[in-house]
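TrEMBL has this to say about the protein:
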- 12-34: transmembrane segment (TRANSMEM)
- 78-104: transmembrane segment (TRANSMEM)
- 116-133: transmembrane segment (TRANSMEM)
- 153-175: transmembrane segment (TRANSMEM)
- 195-214: transmembrane segment (TRANSMEM)
- 261-279: transmembrane segment (TRANSMEM)
- 291-319: transmembrane segment (TRANSMEM)
- 325-343: transmembrane segment (TRANSMEM)
- 355-377: transmembrane segment (TRANSMEM)
Amino acid sequence: MRNGGSAGWIQRIVLVLLGMAALVSLAIGIHHAMEFGSHDMQWMAARLVGQHMDPWQEELAHGPHHYAHFGPPNYLHFLYLLLLPMGALNFPAAQALWTVGIICMSLASMWVLRKLFNLSGFQTALALCLLWMSSPFRVVIEVGQMSFFELFFLAGAYLAVSQAVGGVSFGVSLVKYSFSPSAAMLFLLRGRFRFLAYAALVCIVGLVGVWAFIRTPMTQLALEPFTVSALPTAVSPGFADLMTLAEHTLKFYVPIESARHISYLLGLIGSAAYALLLSRFRLSRSAEFTLISVASLFFVKHLSYDYIFLVVLLCFALTQTSVKAKGVLAAGVMAFWFVLPYFARKTQNDPNVHLGQLATNCCLLAALLVFTTYVVLTDAAQKADGRASEETVATTANL
């Protein structure tokens, strides 16, 4: 009893200290959001849709309603239907609402992850404090990014028992489709066609709903988000992904357009190959979501704010019985949340891509993906062997 009581007090002290640091980090993020104007917030695009104007055409043509301060509208149509009420507000009110929304979505995401990974109260609070202390969390708030929106709905797709609820949740997550390739391919390989049909229905509703406002020809409207995303200036170089490394390595040998196309092809092929590997194993929902999250960060271009997704890996690490596995995985997450961003800040005002730093980050993420895959698939193989042995014993007994 005395040891249990001491452990409880230690946990409380740790959470109090980390909680204070997390609140300071949160305050810094909010201050930066108000100072720099949440430029990735999709308020302007939603406002244009509400005014019956095509935000993608405005971006492509640099029309009179295009505001250079805001990031491009490179998300799928359903998002702008959801954000129509926010688009009707003035910018200060919309920014305050979105900032509060990000914080609420981070809490909701942790609630979903607690359910998915069956975490204790202490583990959940620990993961939340470390998440709020991280550099990616502050950047999400500062720029008004969609990362927690994506995390909540993609995690919800794995948590949901119902095909309809899970499929709709996955469909909503597709608005930020950079996390889609590995997950969608794996669902397809597992034969979850009804699940994917519900997801496709969400995308269709978004497309038709936006079309009802702006009346751009349907085929053109369907492709416009991807056309905007393909612009050379639409997305900055990634933080540690294969696509960015391939593009900025190949551009010294082939035209930049060819380098970009090859990098996209490598990302898609890598995502498909990894999904094919996972489809051969029976995995728990939490383990599969962990691997999909890390693989998506590695194979597809992602900026530093999307590394809040490593909270999934942190939750997975907290559930491991092996001290070695837990330590390696947690150390990897801490490196991407606290160490690597420190070095990135030293060159943040330099427009050039530092290939050595990018290659180092990419290699570290690759190593983290390989180790996590090894841990998950080894456990899955051992469980499969155990089930086979039980079936053999049962068959022998029946004989």
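Glycine too: its Cβ is placed from the backbone N, Cα and C atoms.
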Who are the chain neighbours of the transmembrane segment (153-175) in space, where the CB to CB distance is under 8 Å and they lie at least 6 residues beyond its ends?
75-76, 78-79, 109, 112-113, 115-116, 146, 183-184, 187, 192, 194-203, 206, 285-286, 288-289, 293, 312
Under 8 Å between C-beta atoms and at least six residues away from its ends: which parts of the chain pack against the transmembrane segment (325-343)?
130, 133-136, 239-240, 304, 307, 310-311, 313-314, 316-318, 357, 361, 364-365, 367-368, 371-372, 375
CB contact flag for the transmembrane segment (116-133) and the transmembrane segment (355-377), at least three pairs under 8 A:
no
Winner by Cβ pairs under 8 Å against the transmembrane segment (78-104), considering only 12-34, 195-214, 355-377:
195-214
Which residues of the same chain, at least 6 past either end of the transmembrane segment (291-319), have a Cβ under 8 Å from a Cβ in it?
106, 109-110, 113-114, 116-119, 123, 126-127, 130-131, 134-137, 139-140, 143, 145, 147-148, 151, 154-155, 178-179, 181-183, 186, 235-244, 263, 267, 270-271, 274, 278, 283, 325-326, 329-330, 332-333, 336-337, 341, 344, 362, 365-366, 368-369, 372-373, 376
Could you pull out which residues elsewhere in the chain have a CB under 8 Å from any CB of the transmembrane segment (195-214), counting only those six or more residues past its ends?
49-50, 52-54, 76-81, 163-164, 166-168, 170-172, 174-175, 184, 187-188, 221-222
